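J.: I have a structure here, written as structure tokens, and I will follow up with some questions on it.
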Amino acid sequence: MKPVLILLPLALMLAACSDDTEAPPPPPRPVKSLVLEETNSVPLSFAGTVEPQIVTNYSFQILGRMISRNVQVGDGVERGTLLAVLEATALEQDVQAAQASLVSAQASANNARVVEQRQRGLFAKTVVSQAAVEDAVQAAQAAQAAEVRARSNLAKAQERLSYAKIAADYTGVVTSTAAEPGQVVAAGQTVVTVARPDLRDAVVDLPASAASGVKIGDPFAVVLQSDPTTVVKGRVRRIEPSADPVTRSQRIRIALQAAPAAFRLGSIISVSLPDTRPSELLLPATAIVTREGKTLVWIIPDGTDTVATREVTATSTRGDRVSISSGLKRGDRVVVAGVNSLTDGQKIRISGDVK
């Protein structure tokens, strides 16, 4: 019996020790966090192209078959340079016929004036009656009117003949052609387009939010994208009155001032506008948790190593970032990685910060 009595207290002591021993707490969960800062206002950049201020679409004023086009795209032209010609045989014949009619009318008018003068002389000698003189006067007036009509018809025929040719109105460059020799072209159909390269615009399409703050005369710095060191000044010359029905963007034209030759027509440029939008708080999308229809984030209260949920309002996304309009403030530390398995009050260890 003595061995049993000795072992019994020993067993009781071991049981008491095992009851006092507790499981060790779980280690702090490593997370990555972000300290919220308001976004700074940065210039907004928009791309556009260099386009001429003055563009002329040349066309014939009459229907006809084009027999020659004397220019190609890229050709320089001077004032009066012949651009294209229509087949004009019928028009030339009309001019010749009108010239012949004018010669005949002039001869008739001269003859009628001679007859009138003769009749007046005879009347003075009482050889002919007053009626004969009046007839001669009327004949002379009719012949003179016929001469005027013939002269007018000749002018019209010559004008129509001039419609068979189109010439440049100013010094410029051919930017496009729309008809080939041998083609029948309608009156008003564009054949050649010429632009003035010395007067250039930077043409940019702005979203409505940005265009609303732009006014005629506003200064801009225009940057050549192929060489960002090449910058010229410009001022807003025109703002299109209506927005594009598809993109809802509004087109502005900025007149370039003393632009170098590098700003060729069609060159890609960019302009910058100050960002007038209010500052906002942006979070990585990985920080957002959705539960029971609520948008939540995990925050790390100041001076603690635990996490707590905070309901927020997300308004929009920008790439991989979400704009927060309420629920957070500048300086809050938010968990941005490892959010799905956290619990309120859980201890954490910050393993890194996200910028």
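In case you wondered, yes, glycine gets a Cβ from its N, Cα and C as well.
All TrEMBL annotations are machine predictions without curation.
Sharing the features that TrEMBL gives for it:
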- 203-273: domain 'CusB-like beta-barrel' (DOMAIN)
- 282-349: domain 'YknX-like C-terminal permuted SH3-like' (DOMAIN)
- 1-18: signal peptide (SIGNAL)
J.: When DSSP states are grouped into helix, strand and coil, how many residues of the domain 'YknX-like C-terminal permuted SH3-like' (282-349) land in each?
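T.: Taking each residue of the domain 'YknX-like C-terminal permuted SH3-like' (282-349) in turn, the totals are 3 helix, 37 strand, 28 coil.
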J.: Work out, from DSSP, the number of helix, strand and coil residues along the domain 'CusB-like beta-barrel' (203-273).
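T.: Going by DSSP assignments, the domain 'CusB-like beta-barrel' (203-273) contains 4 helix, 38 strand, 29 coil.
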